[in-house]
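Colleague: Pasting the feature list from TrEMBL:
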- 90-306: domain 'SET' (DOMAIN)
- R248, D266, Y280, Y305, Y317: substrate binding site (BINDING)
- R248, N269, H270: S-adenosyl-L-methionine binding site (BINDING)
Amino acid sequence: MAGASRILQTTFLPTFSKNPSLHPTRTPSHGCYLPPTAKRAALFDRIRCSVAAAGEDTAMAGVSWGCDVDSMDNAAALQAWLSESGLPPQKMGIQKVEVGERGLVALKNVRKGEKLLFVPPSLFITADSNWSCREAGEVLKQYNVPDWPLLATYLISEAGLMNSSRWSNYIAALPRQPYSLLYWTRPELDRYLEASQIRQRAIERINDVTGTYIDLRDRIFSKHPDLFPAEVFNMESYRWSFGILFSRLVRLPSMDGRVALVPWADMLNHSCEVDSFLDYDRSSQGVVFTTDRAYQPGEQVFISYGKKSNGELLLSYGFVPREGTNPSDSVELSLSLSKSDKCYREKVAALKKQGLSSMQCFPLQITGWPLELMAYAYLAVSPPSMISQFDEMAAAASNKTAAKKDIRYGEIEEDALQFILDACETSISKYSKFLQTSGSVDLDVTNPKLLNRKVFLKQLAVDLCSSERRMLFRAQYILRRRLRDMRSGELKALRLFDGLRKLFK
């Protein structure tokens, strides 16, 4: 699964104006959006056929353009078009690979520290790219549509033009159904990811995409059906385009954080063992990355998609690294205040001042947990006598401040650690229940086409839940040891005090 995103965009509901500044009237069709009549009919026929052919094991029908995720049919045409369009000679080529199905493989010896790619800006797709259907682009810009929905609509518009679009070779090489939790149904999310907090984030992301499409449809597309026909601009096509953006859009630090789709570069797959990332190189005027290891001919070349947990990688890219191989892996631990707490209202008010709620999630890593989690635990167990310190605890539980404050309250530290331990063990029980009922499916999930869909999704869920439970087990072990040591120390102190008291009797 190719992708090169360095960002995780979780909310993108458009804030465009209901009425564009120029108050455009309904634009008459000039034939720019859609292909000639015969081609348009063929396109719509394929769309109808793809919907009709969706079987019980296929959650989403898919779009009519693009290719299978492991297809090499359009690779040669893509490479030829890129070369003709300004891509310099490459030391890598697209091939089928073991990790990611398609990827860039070294054709020559590649040195450590060598710069590769050099994709020129003329091959970037950005919010400023020229539309093949100029009228459609003008309408969206008049409504001040934000970059993400604008790029999603741009992709669909260009895809609908088929060979009439400049990007036809690129779009033909994109996966018809990107690996993304956007393609999981709600019952599948509920069944397979019930124990993981990624389930809720996936639901929120799906709702964001759905809400974005509905807003665009109601505010713009319905007023310009000749430019945005429902046969092409529909929920399925937006699920596809946002799936492409989540898995392939890259943020370029040296271009002031500008986001872009970068053809060819987005064929690079992720490895947890490398730190190389994409960026714009001003000297060569192209997108490059610098290798942090050497590659021999025939080896797949990797970059890093960023320091993301296994859950985040599944959410955007649809894969889970092998357990224990991702140093950035974490699991979200949910903590919440007790409504029976005598100071529940005061604690909620303190949290609200910091933009927090009575229920918060904090990341646990194999190496430990953040200071914010401990601060939240202090607040959760603090007695009414500490009410004057609620604001301090809530502020420390927020990550808004650059300087993190390691606050300590010795008198309630044991209660706070026990509070975290209880939350860990509650979460562990949920993971264990799922893993016990699901069992470990020993299958090669790098070739999902060969697998039943449900088995494939189940294996991904098993891999994710196993890695997340592993970190919870580690936290449980550390917490139990600390509590044992604290209680053992207290017991020794009590025995010493009792012995001294008897001595002086």
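The backbone N, Cα and C atoms fix where each Cβ goes, and this holds for glycine too.
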Colleague: List the Cα distance (Å, whole number) between Y305 (substrate binding site) and H270 (S-adenosyl-L-methionine binding site).
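Modeller: Pair distance, Cα basis, whole Å: 6 Å.
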Colleague: Measuring Cα to Cα, how far is Y317 (substrate binding site) from N269 (S-adenosyl-L-methionine binding site) in Å?
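Modeller: Cα to Cα, Y317 (substrate binding site) and N269 (S-adenosyl-L-methionine binding site) are separated by 10 Å.
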Colleague: What's the longest C-alpha separation between any two of R248, D266, Y280, Y305, Y317, the listed substrate-binding residues, in angstrom?
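Modeller: Farthest Cα pair among residues binding substrate: 23 Å.
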